[in-house]
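The domain 'Calcineurin-like phosphoesterase' annotation in TrEMBL covers 21-167. According to TrEMBL, the feature domain 'TMEM62 Ig-like' maps to 250-377. For 397-421, 455-473, 511-535, 581-598, 613-631, the entry in TrEMBL reads transmembrane segment. Under the heading domain 'TMEM62 C-terminal', TrEMBL lists 400-617.
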Amino acid sequence: MKQNEEEWVEYKNVMEDVVKRSGLDKNIFYDLRGNHDNFGVPVIGGSLDFYSKYSINGQLGRSGHVNSVTLTLQAGKRKYLFVGLDSTMSVGLRGPTNLFGHPTDQLLAEVDLELSQWDSQPLKPVSKISFGHFPLSFSASSQSGKTLKDIFLKHSLSAYVCGHLHSRFGKNLKRYHLSSHRFLSSQKFFQFNLNQNPSEGSKNCSFGAPPVQEFWEWEMGDWRKTRAMRILAIDRGHVSFADIDFKSGSKKTIILPTFPLDSRFMSTSSSHHEYECEHMLPLSYETVRALVFSVSPIVSVVAKIYDTRYENLDIVVDAPMTNLGDESSRGDLYAVPWNYKAFQDPSADRFWLQIEATDIMGRTTMTELRPFSVNGLHGKISWTWKEFFVMGCQWEALYYLILWVSLYFLLLILLIPRAFLFFSRKQITYKNVLAAKGFISGVGLVLQELCNVPIAWFGFLGYLFYLILFPWFTGQVFTDGEDKGYMTYMGWAVKSSDNKSNHDYIGSPDVMVVVLPHLIFVVLPAILSSGALAAERVVHRGKFLSVSGKKKDDYSGLDQRSVRYDSRGNRRSKFHFGGHWIRLILLVLCLVICWKHFKNCRALMKAYEMNPLLHFPVYTLGIPLLLVYVIHKTKRN
């Protein structure tokens, strides 16, 4: 959660070894700052900013937040523009509340300027690639409300390549962005599908027609745990990539098909528009192409195309490819002519491509089957719930929505039953619940009985107002541990590096990783469990009174197995056994809530070097003490 200089020295030594063993120029390496490289760094360029000291970028003097490089290939006919950006916090908080990218208006203006540098030459096509650490789902807006997505859509990037999420959430951490001009759009909060289908309209093939505003976002995966590496290629404007898994060891041969593109992750609406309007360059469509990297000489490369029209893999093309000897690429570029018009189809996943390469040692390597659409249609693929959670949700917009919905809900379930009891003489009884046999009446009984434990009810209400109005805790936010700050649901308030002013509030929406789990998984279950304990006591009392009120002769009609005797010889019904287990389950639930809460508190103590009794006593002890009080008040006599 903070900086460790020993790790940075190790990183520097490893990268120097990589550069030396690869034989590549050190200047072509670009190591981008991420949130972990910024944990606990009070000021960029300061003594704790080890990234500026030990990274390759730092050693080469790349101190700006935006860097770009332009390559001109194909005899000057096409340009390739690469723009890297650093959107980490200007004041680096410790983790875990350092989770989002925070682009400033100045950074967005610099990115916009870099991406615009070749727009004055419209006749020369430019492929634009940008890369940063944070996916757009974990990137905040600037102070003026602008976002990186706005800039990228304006310039219709070929791709934005990012990291941050690693591979723990899934393999399809990719997202297609398409401009939407609808005033009310759910895209502010969600994108439910990996792909977006453009709205159908009249085809506009005129020369002055506005271009489609779109771009692909491709999360990279990580090397540390999953040993993933990505090779990205731009072939006559077509951007493709191959993700290589090195967990099983090194690879003798690596194949990257560069055309046709995978319709699931690489197709664009602009390519569909070009195809429909016949604007494409013939040379870019007339061959199937692939890059091949191999430690041994390659003796043959074969392109295979399968037709799945009849739900079988029927091979329709099986053709050897020729090495083009293109020196502009690090790998060998292979191609084979084909009649691309024969593969035009309204389905984006009817035809599938596979490339097979054989080296001089007889080893054969094949790519995975990938669907393609020469007319630029998008293949259908869905996120898993975890992939949607991290790629499809715009967490900056969702944070305050979820926060206030949660707070209002918690306040309402406390205040509405209290108001009902105040203004109405009727109360929900156990018999009402049995007669209605409804979930709502049962919940009503639970919340009503919590009101009948006034100290607990006022305690929960006061705790909620404390979370809204006061700091949650005070802790050390930087690596040196000299400066403390306090956290609220709006972020951290910390002193600036010159100790002359406060930063109010930084780390928003990053603090959501503390705020939302506490409200949803601690406070809400604690309120419901307390109400359930109070309701269980009332139900138990009602049953006990109904049984004890019977005449002695009434017991003669009962099955003797349903009658128990206490220590005084009095008879009691067997329902006590069932009631005992209900209370026991609720007590276990209270223990689980406390365990979850103290586990979170322990993590915060380690992250911000806090004493729970000094720096956050209300946050730490409020819920457990209220639960203990309710358990005590609802115990049976």
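Including glycine, each Cβ sits where the backbone N, Cα and C put it.
The DSSP breakdown of the domain 'Calcineurin-like phosphoesterase' (21-167), given as helix, strand and coil counts, is 39 helix, 28 strand, 80 coil. The transmembrane segment (455-473) shares more Cβ pairs under 8 Å with 613-631 than with any other stretch in the list 397-421, 511-535, 581-598, 613-631.
If you look at the transmembrane segment (613-631), the same-chain residues 6 or more away from its ends with a CB under 8 A from one of its CBs are 453, 455-456, 459-460, 463, 466-467, 470, 472-475, 522-523, 526, 529-530, 533-534, 587, 590, 593-594, 597-598, 601, 604. Long-range neighbours of the transmembrane segment (397-421) within the same chain, counting only residues 6 or more positions beyond its ends whose Cβ lies under 8 Å from a Cβ of the stretch, are 188-189, 427, 444, 447-448, 450-451, 457, 460-461, 464, 467-468, 489, 508-509, 512, 515-516, 519-520, 523-524, 527. Note on the domain 'Calcineurin-like phosphoesterase' (21-167): mean pLDDT across this stretch is 90.
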